[in-house]
Amino acid sequence: MEFMELQQAAASLDWTFYAPLAALIVMILVGVPVWVAIGLGTLGMLTFTETLPLSVFGESLFEGINAFALIAVPLFILTGDALVRSGLSGKLLDVAEASVGGLKTGLGSSTTLGCGFFACISGSDAAGAAAVGRMTIPRLVERGYPLPAACALVASGACTGILIPPSIAYIVMGLVLGMSASTLFLAAAIPGVMVMISVMATNMVLNRIYGFEGDRERFSWRRWIDTVWDARWALFVPVVILGGIYTGIFTPTEAASVAVVVVVIIGLRQGRLTLGDIPRMLESSARVCGVIVPIIAVSLPLAQSLASLDIPQTLVSGISGVTDAPWLMILMMIGILVLAGCVMETTPNIVILAPLLLPLALEAGMNEFHFAILMVTTLGLGFITPPLGLNLFVVSGLTRCSVLSIARYALPFVLGMLIVVLMIAYLPWLSTWAIG
């Protein structure tokens, strides 16, 4: 479509589309719960545009959450909570420190590796930032890191929560786009590790410049073996989850169920958990799911409304009218996703943007799995991009440290992760090797 034809297509969308869309955006910006904003905006589009009957909204609400794979979301959240309450998360951090503590940036590297371990179980970045941050930020400050630098390191390492399988983001992506979560987990393994390595490498460069960690512990095989043995039950959990998924023994939902049972049994056996903790863990999981599941429920009627108005096709035509270079289309997508990741959480970003941007990605020569991995990784970059990166606010709330001071130290990590994002974007085999 030529640019003039594009203008005509955009002009065909009158106030019946733009008014509900503007109301949806304003409601999100002023703090209305995302699912309420999406639901009201969708109702407005259906009412005013009359492209679909209003009954579609009610029918699609149930259809949007009637998925077996969705059961994995509360179970992985419950597993992460049980991991913290049982003290097993501390054991994982001990293993991380014993493994890389001999490096010049041993504590910083072990913090990042600990975030990766926690990501293998909880599948959440905010949970990782909170859990790991409480344990490591005071130790980082004692070792010589300024408080904002310690916060920036934890916020960056916690981005692995949505990148390293089993990630809740990939479960939601699979539901929204009709893709296999198990295959997404497999495809995400290399990009997730690349992001973790980029955070470690950036921290090493910063330490070489500023000398945060003045001393380091000598690596000891005896200490490493003792630590791994002491943490054997904690290490058993990610082995069960990832091993079961990658070998095909479990689906992600079944792996989440097994993980919950394993962590609770270990915690009860070691005396770190009591039966009285279980109702509190269930309540905590329900609170988080009470945010995620309604967003997924209202996403399907929104996607159907946008599709009935040919919005994805109009977006593809619009960008194609500006440029037909695939590399530039991909770069524009990355810009959109970084900005979206700054201001909104992963789930609403996926349910709103994935159906819109997938046709553009296909036009640029990407396949569905390449697009999914790139989208989630880029959203992770948005979580630490100043000044609105969500992880920056999580660690700021933990430490009462200024977001702006944390953001200054987060910029080098943003650049490091941006390099990884560009590699994933323009080297498709990094994320498509799993599907041939």
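Glycine residues also receive a Cβ, built from the backbone N, Cα and C atoms like all the rest.
Residues or ranges marked as domain 'TRAP C4-dicarboxylate transport system permease DctM subunit' by TrEMBL: 21-430.
The transmembrane segment feature in TrEMBL is assigned to 21-45 (among others). Within the chain, the transmembrane segment (21-45) has long-range Cβ neighbours (under 8 A, six or more residues past its boundaries) at 54, 57, 291, 294-295, 297-299, 301-302, 305-306, 309, 343-345, 348, 351-352.
TrEMBL lists 65-84 (among others) with the feature transmembrane segment.
The transmembrane segment annotation in TrEMBL covers 144-164 (among others).
Residues or ranges marked as transmembrane segment in TrEMBL: 184-206 (among others).
For the transmembrane segment (227-249), the list of distant contacts is 79, 83, 88-89, 91-92, 94-95, 97-98, 117, 120-121, 165-166, 182, 185-186, 255-256, 258-259, 262-263, 266, 270: same-chain residues at least six beyond its ends, Cβ to Cβ under 8 Å. If you look up TrEMBL, you'll see 227-249 (among others) marked as transmembrane segment.
Annotation source TrEMBL lists transmembrane segment at 255-275 (among others).
Annotation source TrEMBL lists transmembrane segment at 287-307 (among others).
Marked as transmembrane segment by TrEMBL: 327-343 (among others).
Residues annotated as transmembrane segment in TrEMBL: 350-366 (among others).
Under the heading transmembrane segment, TrEMBL lists 372-394 (among others). Residues 125-126, 129-130, 133, 151-152, 155-156, 158-160, 162-163, 167, 169-170, 173, 177, 179, 184, 187-188, 191, 195, 330, 333-334, 337-343, 345-346, 349-350, 353-354, 357, 361, 366, 403-404, 406-408, 410-411, 413-414, 417-418, 420-421, 424-425, 431 of the same chain lie 6+ residues outside the transmembrane segment (372-394) yet bring a C-beta within less than 8 angstroms of a C-beta in it.
Sequence annotations record features per position, and here TrEMBL assigns transmembrane segment to 406-429 (among others).
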Going through 65-84, 255-275, 287-307, 327-343, 406-429 one by one, which has the most CB pairs that fall under 8 Å from the transmembrane segment (184-206)? 406-429
Look at every Cβ pair spanning the transmembrane segment (255-275) and the transmembrane segment (350-366), keep those 6 or more apart in sequence, and say whether at least 3 of them are under 8 Å. no
Other same-chain positions with a Cβ less than 8 Å from the transmembrane segment (287-307) and lying at least 6 residues past its termini are 33-35, 38-39, 41-42, 45-46, 49, 51-52, 56-57, 60-65, 70, 73-74, 77, 168, 172, 175-176, 347-348, 351-352, 355-356
Same-chain Cβ contacts of the transmembrane segment (406-429) under 8 Å, 6 or more residues past its ends? 146, 148-149, 151-153, 155-156, 159, 191, 194-195, 198-199, 201-203, 205-206, 327, 330-331, 334, 366-367, 370, 373-374, 377-378, 380-381, 384-387, 389, 392, 395-396
Intrachain residues whose Cβ lies under 8 Å of the transmembrane segment (65-84), provided they are six or more past its termini: 118, 121-124, 127, 131, 166, 168, 171-172, 174-175, 181, 234, 237, 251-253, 255-257, 259-260, 263-264, 267, 273, 281-282, 284-286, 288-289, 292-293, 296-297
